Amino acid sequence: MQAGSWVVGGGDSDSRVLSIQSHVVRGYVGNRAATFPLQVLGFEVDAVNSVQFSNHTGYAHWKGQVLNSDELHALYEGLKLNNVNQYDYVLTGYTRDKSFLAMVVDIVRELKQQNPRLVYVCDPVMGDKWDGEGSMYVPEDLLPVYREKVVPVADIITPNQFEAELLTGRRIHSEEEALAVMDMLHAMGPDTVVITSSDLPSPRGKDYLIALGSQRTRSPDGSVATQRIRMEICKVDAVFVGTGDLFAAMLLAWTHKHPNNLKVACEKTVSAMHHVLRRTIQCAKAKAGEGLKPSPAQLELRMVQSKRDIEDPEVVVQATVL
C-alpha cells in the first residue's frame, strides 16, 4: 500500500501528503506538529487547516476561526481545477464536525480513485481515559461516521485504547483482548493498526505504558501475513499537547521507509517521540524554575530543536514481536 520513493540522508521524495488538521499561530498541534517533521523527512506537505486558532485550547484563552465542510470542499475544488490534486498520502486528526468529517471521506475516496496506491493515515481522535474512566471530547454523533465511513477507507489508524474500544464496541482488559480488537479493526478496513497507549499493566512497572501494533501484509499469491508488536514506553510526568499529531505524522513517514516492518517503523517513531518529549520537559522545567509547574506555553513541543532526532532517531525503545 506504500507509494513513492524515499532515500535516507538525501534526495527528494516523490511523496506528497495532504494533511487536513488544525492550525495554531503559536505552538505545535495539528498541522503545526505534523508538517515540520514530514518535511524534515523528505515529504511535500499540502496543509488544509481545519481550524486556525491563536494557540491550543489548553491555554486560558484562545481565539480563531473554524473551517466548515463547504469551505473545505471549495479548497479541494481549487486544487482539482488546477489539476494539482495528486497525492500519495492523506493525513487527518482532530475533527469536531460530522459534515466536515464526511467531506474528508469524500475527498479520500476521490483521491483513491485517482491513485489506488494512496495511503490514508487517520488518527481517530474522539476521547481518552483518565483514572480508568473513558470519556469523549468530540460530539457523540462522530462515532458512527468514524465506524461506518472513515475507518473503512483508512489504511493506517492510530487510536488510543479508549478510541479502539469505541470503534469496535469491545472493552480491553488484557493483551489478548487488545489483539482481538486490532483484528476487528483490520476487518473494518485498515491494514495497519497501532493502539498508541493503553492502561494495560507493564511488566516493567507503573512508570511504563503499553502500546500495541498490528500490520497485515498481502503477498502476490493472495496470502496474508500479520506482524504484531508490543512496546513499553516510559511515562513522562507532564501533560503535552500535539503528541498524537506528531506520532501519526512520523508513523506515516517511517512506515513509508519500512513498508512491511511495523516493528522498525514503530521503534523509530516512538524513539523520536521520546527524544522530543525529553527535550521539551527539560526545557520547560528550566524555564519554569525549580519546584514550579511549567505553563502550557513552556510545554510546547521543542520541535525545531529536535530536528536531528526526528531525522535520524537513536532507537531507545525496542518493540517485541508477539
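Yeah, the Cβs are placed from backbone N, Cα and C, and that goes for glycine too.
Positions annotated as N-acetylmethionine by Swiss-Prot, on the basis of similarity to another entry: M1.
The pyridoxal binding site annotation in Swiss-Prot covers S22, T57, and the record cites similarity to another entry as its basis. DSSP gives T57 (pyridoxal binding site) a coil state; it is part of no helix or strand.
Among the features that Swiss-Prot reports, pyridoxal 5'-phosphate binding site is placed at T57, G244, D245. For G244 (pyridoxal 5'-phosphate binding site), the same-chain residues that are 6 or more apart in sequence and have a Cβ closer than 8 Å to its Cβ are G93, D123, V125, T158, N160, T196.
Sequence annotations record features per position, and here Swiss-Prot assigns phosphoserine to S69 (among others) based on similarity to another entry. Non-local contacts of S69 (phosphoserine) by the CB criterion (under 8 A, 6+ apart in sequence, same chain) comprise D97, S99, F100, A102, M103.
A coil conformation is recorded for T158 (Na(+) binding site) in the three-state DSSP classification, outside any helix or strand. Swiss-Prot lists D123, T158, T196 with the feature Na(+) binding site, giving similarity to another entry as the kind of evidence.
Cβ neighbour count for D237 (ATP binding site) (all protein chains, 10 Å cutoff from its Cβ): 6. According to Swiss-Prot, the ATP binding site annotation covers D123, N160, Q161, F162, E163, T196, S197, V236, D237, A238, T243, on the basis of similarity to another entry.
Annotation note: D128 (Mg(2+) binding site) sits in a strand segment as assigned by DSSP. Sequence annotations record features per position, and here Swiss-Prot assigns Mg(2+) binding site to D128.
Marked as phosphoserine by Swiss-Prot on the basis of similarity to another entry: S174 (among others). All protein chains considered, the CB of S174 (phosphoserine) has 10 other CB atoms within 10 Å.
Within 10 Å of the C-beta of S223 (phosphoserine) we count 8 further C-beta atoms, all protein chains included. In this structure, S223 (phosphoserine) belongs to neither helix nor strand by DSSP; it is coil. As annotated by Swiss-Prot, phosphoserine applies to S223 (among others).
Look at D245 (pyridoxal 5'-phosphate binding site): DSSP puts it in a helix. Swiss-Prot lists D245 with the feature active site, proton acceptor.
Cβ-based neighbour count (10 Å, all protein chains) for S295 (phosphoserine) stands at 14. Taken residue by residue with DSSP, S295 (phosphoserine) is part of neither helix nor strand, so it is coil. Look at Swiss-Prot and you will find S295 (among others) tagged as phosphoserine.
For the pair S197 (ATP binding site) and T57 (pyridoxal binding site), the C-alpha distance works out to 22 angstrom. When the Cα positions of D123, N160, Q161, F162, E163, T196, S197, V236, D237, A238, T243 are compared pair by pair, the longest gap among these ATP-binding residues is 23 Å. Cα-Cα distances to D128 (Mg(2+) binding site) place Q161, E163 within 10 Å, out of the recorded positions T57, Q161, E163, S223, D237, S295. The separation of D245 (pyridoxal 5'-phosphate binding site) from S174 (phosphoserine), Cα to Cα, is 26 Å. Considering only the binding-site residues Q161, E163, D245, the residue whose Cα is spatially closest to the Cα of T57 (pyridoxal binding site) is D245. If you measure from the Cα atom of E163 (ATP binding site) to that of D245 (pyridoxal 5'-phosphate binding site), you get 15 Å. Those residues noted as binding pyridoxal 5'-phosphate (T57, G244, D245) have their most widely separated CA atoms at a distance of 15 Å.
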